[in-house]
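Here is what TrEMBL records for this protein:
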- 39, 41, 67, 89, 118, 140: S-adenosyl-L-methionine binding site (BINDING)
- 46-233: domain 'Ribosomal RNA adenine methylase transferase N-terminal' (DOMAIN)
């Protein structure tokens with residue numbers, strides 16, 4: 001933060017005095033909408049801490065903020081003086097407050113773009129065609145879309161597309177504390193799940209700090225965890241994302257049972273036991289471990305042998321154990 005402040009001071013530019021976020025919310029009569037999972041973060045010390053968790057933001061960097069709302073985190077990002085700030089906000093009610101921030105930031109010579117769009121459909125490559133700038137993804141995510149958005153971005157990362165055409169695009173995001181714990185859960189941890197493994201195949205997730213629910217308006221029923229996900233320079237697999245996700249989802253579908261039970265649901269019943277046993281042997285994984293006891297590497301070895309099995313039995317890829325049985 002000291003380095004960022006020094007850059008602004010050297011340039012002779014700083015943000016002019018502005019109303020507080022609380023005052024703006026009151027002035028424009030903004031109320032959080034439950035159907036959009038909105039919760040406002042008013043404390044600038046906390047918004048500064050979120051942005052600080054993103055690490056160093058250089059003068060040539062681009063920051064994309066998801067769901068800025070009235071602009072609390074946006075102010076903290078502006079103080080770090082990126083070259084470009086891109087906001088993606090679904091709710092147009094925040095237009096006046098965000099436009100005010102844009103006007104106040106104009107002396108800083110920051111390219112400030114506001115897009116009223118759904119981040120789940122936002123075309124990164126269209127709006128960020130140039131890959132010469134390092135990208136930081138920052139956001140106080142709506143609870144309703146946080147897991148889905150993370151999975152989408154992990155798939156983009158695995159394919160080197162969207163915001164992840166560069167290897168150094170980090171994500172600094174808020175989640176319900178329980179979800180944040182799952183993302184970072186170690187092998188054998190109580191919260192270990194599919195999301196843990198999928199996150200840890202392509203990134204190193206780090207729990208930065210916890211924000212108490214009372215810091216938000218309206219107050220959610222849960223605390224919030226701030227997680228930074230750092231892309232691995234060498235991903236742990238080259239397997240297609242959908243295949244890995246399918247295998248891991250099945251493994252964790254019966255969390256408290258032996259991992260062979262969940263994995264076995266990938267296979268048709270007629271030779272399930274025999275094929276499951278052979279695949280576990282080839283993967284060199286103990287089939288009596290529980291799913292939460294498996295390492296990322298063990299899950300990937302199971303995905304690898306399943307992928308090899310599909311080469312000789314391609315029809316198995318379409319098998320769905322939950323599909324209704326054909327009537328005799």
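Cβ coordinates come from backbone N, Cα and C, glycine included.
Automatic, uncurated: that is what TrEMBL annotation is.
Remember, it's a predicted structure, so these values are computed and weren't measured experimentally.
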Revision key, fill the gap. Comparing local Cβ density (other Cβ atoms within 10 Å) for the binding-site residues 89, 118 points to 89
Practice item. Output, ordered by sequence, the same-chain residues six or more apart from residue 140 (S-adenosyl-L-methionine binding site) with a CB under 8 Å from its CB, or 'none'. Key: 39, 41, 50, 66, 67, 69, 72, 73, 174
Point to revise | Pairwise Cα distance maximum in Å, S-adenosyl-L-methionine-binding residues per record: 39, 41, 67, 89, 118, 140 | key: 20
